[in-house]
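For reference, TrEMBL has these:
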- 40-432: domain 'Amino acid transporter transmembrane' (DOMAIN)
- 69-97: transmembrane segment (TRANSMEM)
- 134-156: transmembrane segment (TRANSMEM)
- 168-185: transmembrane segment (TRANSMEM)
- 190-208: transmembrane segment (TRANSMEM)
- 228-250: transmembrane segment (TRANSMEM)
- 262-286: transmembrane segment (TRANSMEM)
- 309-332: transmembrane segment (TRANSMEM)
- 352-369: transmembrane segment (TRANSMEM)
- 375-396: transmembrane segment (TRANSMEM)
- 417-440: transmembrane segment (TRANSMEM)
Amino acid sequence: MEGGSDKVVETVIAGSYVEMETDGKPTTYKTRLSKFLWDGGSVYDAWFSCASNQVAQVLLTLPYSFSQLGMLSGICFQLFYGLLGSWTAYLISVLYVEYRTRKEREKVDFRNHVIQWFEVLDGLLGKHWRNVGLAFNCTFLLFGSVIQLIACASNIYYINDNLDKRTWTYIFGACCATTVFVPSFKNYRIWSFLGLIMTTYTSWYLTIASLLHGQVQDVKHSGPTKMVLYFTGATNILYTFGGHAVTVEIMHAMWKPQKFKAIYLMATLYVLTLTLPSAISVYWAFGDLLLNHSNAFALLPKSPLRDMAVVLMLIHQFITFGFACTPLYFVWEKAIGMHEYKSLCKRAAARLPVVIPIWFLAIIFPFFGPINSTVGSLLVSFTVYIIPSLAHILVFRSAAARENAVEPPPKFLGRWAGVYSINVFVVVWVFIVGFGFGGWASVINFVHQIDTFGLFTKCYQCPPPGGPLPPSPPPMAHHFLNSSFAAPPSHHHGVHLHRQ
């Protein structure tokens, strides 16, 4: 009983450094304002970070996935992978608290050190697990940043097509490099809040605009038609709900990280209110046209409302680039011995080399949409589904480890036997369906994009000048479209694609 009480005390201590550091310090208006905008470590901050980070540019590619999967499969996969993603985020949070508590019992001080997932694996399972976790996590976050950069260029093109997408990638690469000045996740407080408002607006714009537009003439909803397309779409949804490669860093930014357990599930439930209505509505309106338009903005008429959604998504992608890249900055700082430097300018200068390969990869592989599925199947499947599930099984494989666990499983999950069964199911399902079938389908689709457009393509999926108009909407929508949206320009809507 005495050991259990010590464990509780130590768990409560975890994450209380901010309170210790600020205890007794006088607060001024300036420090209060700075803390309000800049210094976030509450449960609400973590929820905003998770919800804002989980769905960004993928919101625009989910209708494309629905055209590959069909309506029913698209809805089912979103619900299923949303639940699966929340489960593995819970496992990561349990392992983080376990690792941190063990280290704090050894009097390790984390005040100037951000704990990362590979360090959790190292402390609990050894260096081989650390190396595997580091390789998968860094590669996923690298390509996650690449995808945000590609999305910026893809979106701005629908406002200004005077420049090709490759040129826009150069410009936004330089803009996104400014994220080197954001020290850590707790400093994204106001940006996480604004980011969620931006994705909420965009989601409901897509939903309402598609419903007002109505179905295009002779619309077809033929999905699923090919196995390759089916599993490509499924792995894009796997990628959507696998955004918790930064879970540990978000937890570490919290004042009380043990409160994180249910946050990711709550964030996922909110995200589903954004992803489901928008994907369903856009697919209902445009059907199989989406198979050649991986960005949902491509099919909606140009209007001030659409332009606002594009601008908001651009800002949000800038924020999400920071979310994906910040853990890479930490890894790089630790590798060169600058992680515990207090000088922000020195750390920012040291971080810049991380942005260069991201910029370069975004120019080589500008395949907005297909790249999501490829990253989802080959990287997300292991990084945020298989590795956390296997790690949880191995960390608590002994009776002693289960007895001394800081966060034992709740009764409604069936205690240890129930958790073990769920973990085995996650590993088997994601390995066979996500990595196996999904990897096969995504790589075939990705290679097809390279064969069709080529590497370093200047303008991926850009219609030729004077391309054909899309089928006109039914008459019942005509009045709404004229009052709410401008007529669609012909050069944005050609179904045929060209290579530049």
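Heads up, residue numbers simply count up from 1 along the chain you see.
Here the Cβ of each residue, glycine as well, is placed from N, Cα and C on the backbone.
Unlike curated entries, TrEMBL annotations are predicted automatically.
Within its own chain, the transmembrane segment (69-97) has Cβ neighbours under 8 Å at 11, 14, 50, 62, 115, 117, 120, 124, 221, 223-224, 229-230, 233-234, 237-238, 240-244, 247-248, 251-252, 257-258, 260-262, 264-265, 268-269, 271-272, 275-276, 279-280, 283-284, 384-385, 388-389, 391-392, 395, 406-407, 422-423, 426, 429-430, counting only residues six or more beyond its boundaries.
Counting Cβ pairs closer than 8 Å and at least 6 residues apart in sequence, the transmembrane segment (417-440) and the transmembrane segment (352-369) reach fewer than three and form no contact. Contact check: the transmembrane segment (168-185) against the transmembrane segment (352-369) gives at least three Cβ pairs closer than 8 Å, residues 6 or more apart, which meets the contact criterion. Most Cβ pairs under 8 A with the transmembrane segment (352-369) among the ranges 134-156, 228-250, 375-396 are made by 134-156.
Contact between the transmembrane segment (190-208) and the transmembrane segment (375-396) is absent: fewer than three CB pairs lie under 8 Å, with pairs separated by 6 or more positions in sequence.
Between the transmembrane segment (375-396) and the transmembrane segment (262-286) there are fewer than 3 Cβ pairs closer than 8 Å, counting only residues 6 or more apart in sequence, so the two stretches are not in contact. Long-range contacts of the transmembrane segment (134-156) within the same chain, counting only residues at least 6 positions beyond its ends with a Cβ under 8 Å from a Cβ of the stretch, are 56-57, 60, 116-118, 165-166, 168-169, 172-173, 175-176, 245-246, 295, 297, 310, 313-314, 317-318, 320-321, 324-325, 327-328, 331, 357-359, 361-362, 365-368, 371-372, 375, 379-380, 382-384, 387, 460. Using a Cβ-Cβ cut-off under 8 Å and counting only residues 6 or more beyond its ends in the same chain, the transmembrane segment (262-286) has close neighbours at 43, 46-47, 50-51, 54-55, 59, 62-63, 65-67, 71, 74-75, 78-79, 82-83, 85-86, 89-90, 93, 199-200, 202-204, 206-208, 210-211, 213-216, 219, 221, 240-241, 244, 247, 293, 296, 299.
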